[in-house]
């Protein structure tokens with residue numbers, strides 16, 4: 001009788017040979033018996049099946065008729081289908097409110113009690129606010145927050161408090177999943193907008209926490225990474241709602257209560273770009289590379305030189321060359337009159353970048369001249385005196401060191417060392433300092449003449465020349481960071497940096513393999529040398545190559561390293577071996593052959609694959625990576641801490657002297673009665689300005705939030721998910737319309753009535 005509920009299947013066109021044979025007609029070896037090993041529930045009656053089917057189809061009158069005619073009580077309203085769903089659960093899933101009200105009227109309230117079924121879709125510790133946040137439902141969260149709901153604060157992964165220890169001991173998986181659910185709730189854009197006064201700052205902090213959690217709980221790495229990306233995209237989308245430069249200025253210059261404040265900059269209404277610096281600190285590449293943010297940065301970068309971008313290429317080149325040639329004159333003009341119109345133009349970040357670059361190119365030119373003016377007569381002097389060009393180089397080095405010291409003072413050690421450019425500058429300046437210090441020591445201690453081959457291997461002059469060579473290499477490599485400003489060379493420079501990081505990972509594996517084979521070959525051949533002359537043979541520099549190259553650890557390392565580049569012509573089989581050395585030669589050949597396979601073939605190809613992956617990763621996000629790196633470089637020129645380039649920055653400027661006198665006078669006046677009153681008025685003015693800025697920020701943030709919500713609603717209406725929801729609503733409306741038509745026509749049956757037993 002129930003067969004009519006399902007569409008019939010026509011098997012007339014199917015041959016009997018294509019159908020599976022019954023177990024009775026086949027041997028036991030040809031069939032496999034199937035048995036349901038799961039929990040077997042009691043079979044529902046016909047009325048119960050019709051009852052659940054009517055609830056699923058939204059047939060209000062069929063459900064009402066079944067409930068009204070259930071006088072004998074043979075209908076179990078708590079019955080469930082094959083999926084374990086009862087009538088109320090099915091009705092809630094289909095959002096049939098009229099049927100749900102009908103079920104509640106007929107005594108189904110007990111079905112609405114807290115469900116203790118382990119097969120339910122959510123765990124018992126998931127609150128409604130968590131589910132609403134998971135769905136990112138702004139309206140439901142608004143209603144729930146009016147009821148003063150609360151969320152448990154997630155503890156750290158390694159927390160050893162009593163509660164965490166008890167939960168871990170009881171069920172560690174459930175504890176980890178609950179922490180993930182809490183963070184999925186906290187990362188909801190709707191919840192962040194409703195509960196946070198500064199949604200952008202909260203998104204930054206939350207993404208950093210999630211990134212750290214992904215490294216600790218590697219089992220849920222993908223989940224935490226996706227949540228961190230969600231927070232980053234939310235901050236980016238919120239910034240994208242800004243419609244003018246004024247709103248961008250308010251957002252990017254906002255300083256939270258936890259950040260240090262620049263009181264002088266606040267009173268002078270200077271741009272500190274605190275929020276942008278914070279975004280770079282939290283590695284918010286999506287936020288920094290957003291179009292609105294980049295356009296605002298371009299405006300600040302060029303400043304009063306805004307017309308430079310619209311000039312032809314030839315005029316741009318002429319402008320850069322003119323500034324690059326006359327940079328000493330421009331520096332002196334700024335040193336004398338920093339507040340003049342000409343001084344303000346020089347203070348523009350773009351002009352500062354060109355002047356600093358020209359100063360550094362001059363320093364590199366002096367390094368080239370150093371090798372050209374080298375005095376051959378002092379070649380064998382053990383302690384040569386410093387030349388004039390040495391003193392010029394020392395001035396530049398002192399200026400660069402002073403610039404690094406100022407940056408270290410204002411940024412802090414942690415932020416200073418995070419920049420690879422600062423690390424390279426620190427190493428380079430340290431090498432130059434050590435070079436000239438050793439030269440001074442050698443000049444004061446040694447006054448003799450002797451051939452260089454007779455000098456001690458660690459003579460101060462020789463060590464100074466070696467350090468100077470390394471410093472020169474780093475000086476030219478420092479030019480790579482200037483490529484960041486170019487849209488063509490910038491992505492290549494970023495890719496090279498990522499490749500160097502991957503090469504460091506590869507180096508750990510390669511050194512282990514090299515050390516392993518070096519130990520084996522050294523132990524095999526350390527007693528095989530025949531004479532002292534052959535024992536002195538090291539590396540690939542032997543005139544008579546033999547396996548005596550492997551007699552020492554250092555020699556074996558050199559040989560195996562150059563073997564990768566086919567530069568170590570090492571004899572694997574000794575042609576002049578005596579009786580009993582065949583096994584030794586064979587074992588050596590096997591070890592070297594294995595090394596060739598592992599390193600030359602496998603590890604080398606692995607390195608190529610890693611470098612290719614790194615390059616492709618940067619290429620896939622080329623625009624984002626380049627704009628983020630360029631913003632980091634630009635920000636270093638936005639403040640007024642290092643306006644003058646080396647060596648002019650070591651000269652005390654009138655501006656610095658005025659600041660020192662002003663600070664000293666304020667300190668002296670602060671101990672007088674008038675000074676204290678003036679200081680109180682200044683603090684009051686500063687607080688009023690800070691409060692006004694905070695109020696403006698909240699107004700702008702409210703506008704951004706409302707625009708973001710409007711944008712999200714428009715996107716939801718154009719997605720497939722919104723289409724499905726609209727179809728469900730249409731289905732419910734049609735069901736209600738059908739029921740109303742039946743009510744008007746007095747028709748109380750449905751298409752399933754033929755299967756219901758009549759009275």
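Using N, Cα and C of the backbone, Cβ positions are placed for all residues, glycine too.
Now, the feature entries from Swiss-Prot:
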| type | residues | note |
| --- | --- | --- |
| REPEAT | 46-75 | repeat 'ANK 1' |
| REPEAT | 83-109 | repeat 'ANK 2' |
| TRANSMEM | 353-370 | transmembrane segment |
| TOPO_DOM | 371-388 | topological domain 'Extracellular' |
| TRANSMEM | 389-405 | transmembrane segment |
| TRANSMEM | 422-441 | transmembrane segment |
| TOPO_DOM | 442-462 | topological domain 'Extracellular' |
| TRANSMEM | 463-483 | transmembrane segment |
| TRANSMEM | 503-524 | transmembrane segment |
| TOPO_DOM | 525-589 | topological domain 'Extracellular' |
| DISULFID | 537-542 | disulfide bond |
| TRANSMEM | 590-610 | transmembrane segment |
Annotated stretches the transmembrane segment (353-370) and the transmembrane segment (463-483) touching (3 or more Cβ pairs under 8 Å): yes
Helix-strand-coil residue split for the repeat 'ANK 1' (46-75), DSSP-based: 21 helix, 0 strand, 9 coil
Segment confidence, the topological domain 'Extracellular' (371-388), expressed as mean pLDDT: 75
The repeat 'ANK 2' (83-109), counted residue by residue under DSSP: helix, strand, coil: 18 helix, 0 strand, 9 coil
The topological domain 'Extracellular' (442-462): DSSP-derived helix, strand, coil residue counts: 10 helix, 1 strand, 10 coil
Chain residues outside the topological domain 'Extracellular' (442-462) and at least six past its termini with a C-beta under 8 angstroms from it: 379-386
